[in-house]
Amino acid sequence: MIDKYGRSIDYLRVSITDRCNLRCIYCMPPQGVTFKTHSSILRYEEIIKIVEVGTELGIKKVRITGGEPLVRQGVVNLIKELRKIPELEDITMTTNGVLLPKYAFALKRAGLSRVNISLDSLNPDTYKTITRRGEFSQAIEGIKAALEVGLNPVKINTVVMKGINDNELENFVNLTIDKDLHVRFIEYMPMGETSLLSGNYYVSLNEFKEIIIDKMGMVPVNIQNNGPSKDFKVPGAKGTVGFITAISHNFCSTCNRMRLTADGFLRPCLASDVEVNMRDEDGKISSEGVREKFEKALLLKPISHNFYKNDFFPKKNMSQIGG
């Protein structure tokens, strides 16, 4: 699929649930959110149909997200069924890692290519502050499980927040020296009710990037198909370090993705409230209708995101859209 700005759209992020076993401060407001009812969430067979039509239109890569995708029953079988779609080249997942010790082997066997694990602190107390309920040791065991079964490359997603974890970047870089881990520092993005805290949390990664690169002696590396990340590594290290600067230096000109929410809405841009209902008027998912909705969303994809423009923030929280 080619949008009106000449960008090739071949990547679909699929949220399968808005529920999560953590309550991260940048993903959900303190009071929590009202979760979608079971009947409003797309059934797995509906997700498969949407992906099948998407691949006919040019989708080659799917990332399974949440909420936390591993809290939804049957996710391993979903991966297995998606792997049967011949045009689908890559199936990945973003997870907080807590349940990976239980599911990593089965996910790998089902056909999952690799995982991104959200880990925002290497300090157990700070980790609990950020997640509001998580145990740091469980996340670490999840990373170990992913490495052991070969869900490679294992990427660590770290949202950098001012005054919370911005003093830990060097420690994260050190993770990549002896382990085949690929840390990606991500700028905080204001979403939904959590956007009220954006003035407290947001910090441009440009303030840290050059300092860390110089201090750690990192050199640039070119990793194919690594999305918006600008990548570096410490010479001799097993892993790499990436910087994703969605706010300070956006990558909209090369954006290749759309997002499918757990309740069946296709969003052409994360930082926009524009979305297309993939269900027909009768509430069903049809191949013809899905094709039309993809084409409609393609036309609605903006030239760039709207973060901070005229004080705009997306109305939905990240957990409701899909992380």
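Quick reminder: no glycine exception, Cβ is built from N, Cα and C everywhere.
Because the structure is a prediction, the values reported are computed rather than measured.
For 4-228, the entry in Swiss-Prot reads domain 'Radical SAM core', with the evidence type sequence analysis. Under the heading GTP binding site, Swiss-Prot lists R13, R63, T94, K155, R257, M258, R259. Here Swiss-Prot flags C20, C24, C27 as [4Fe-4S] cluster 1 binding site, drawing on sequence analysis. Summarising the annotation, Swiss-Prot assigns S-adenosyl-L-methionine binding site to Y26, G67, S118, M189 and lists sequence analysis as the type of evidence. The feature [4Fe-4S] cluster 2 binding site is assigned by Swiss-Prot to C252, C255, C269, with sequence analysis given as support.
For the binding-site residues shown (R13, K155), fewest C-beta neighbours within 10 angstroms: R13. In sequence order, I9, Y11, L12, R13 are the residues of the chain that are 6 or more apart from R257 (GTP binding site) and have a CB within less than 8 Å of its CB. Among the binding-site residues Y26, R63, K155, C255, not one has its Cα within 10 Å of the Cα of C20 ([4Fe-4S] cluster 1 binding site). Within the same chain, residues at least six positions away from C24 ([4Fe-4S] cluster 1 binding site) with a Cβ under 8 Å of its Cβ are N96, S118, D120, I130, T131, R132.
Distance noted between the C-alpha atoms of C27 ([4Fe-4S] cluster 1 binding site) and G67 (S-adenosyl-L-methionine binding site) is 9 Å. The Cα atom of C252 ([4Fe-4S] cluster 2 binding site) lies nearest to that of M258, taking the binding-site residues R63, M258, R259 as the candidates.
Least crowded of the binding-site residues (C252, C255), judged by neighbouring Cβ atoms within 10 Å of its own Cβ: C252.
For the pair formed by C269 ([4Fe-4S] cluster 2 binding site) and R259 (GTP binding site), distance between Cα atoms is given as 7 Å, rounded to the nearest Å. Within 10 Å of the C-beta of R259 (GTP binding site) we count 22 further C-beta atoms, all protein chains included. DSSP assigns C252 ([4Fe-4S] cluster 2 binding site) to a helical segment in the three-state reduction. If you draw a 10 Å sphere around the CB of T94 (GTP binding site), it holds 21 other CB atoms from the protein chains shown. Counting in whole angstrom, M258 (GTP binding site) lies 17 from G67 (S-adenosyl-L-methionine binding site) by their C-alpha atoms.
Y26 (S-adenosyl-L-methionine binding site) falls outside any helix or strand according to DSSP and counts as coil.
A gap of 23 Å separates the Cα atoms of C255 ([4Fe-4S] cluster 2 binding site) and Y26 (S-adenosyl-L-methionine binding site). In this structure, M189 (S-adenosyl-L-methionine binding site) belongs to neither helix nor strand by DSSP; it is coil.
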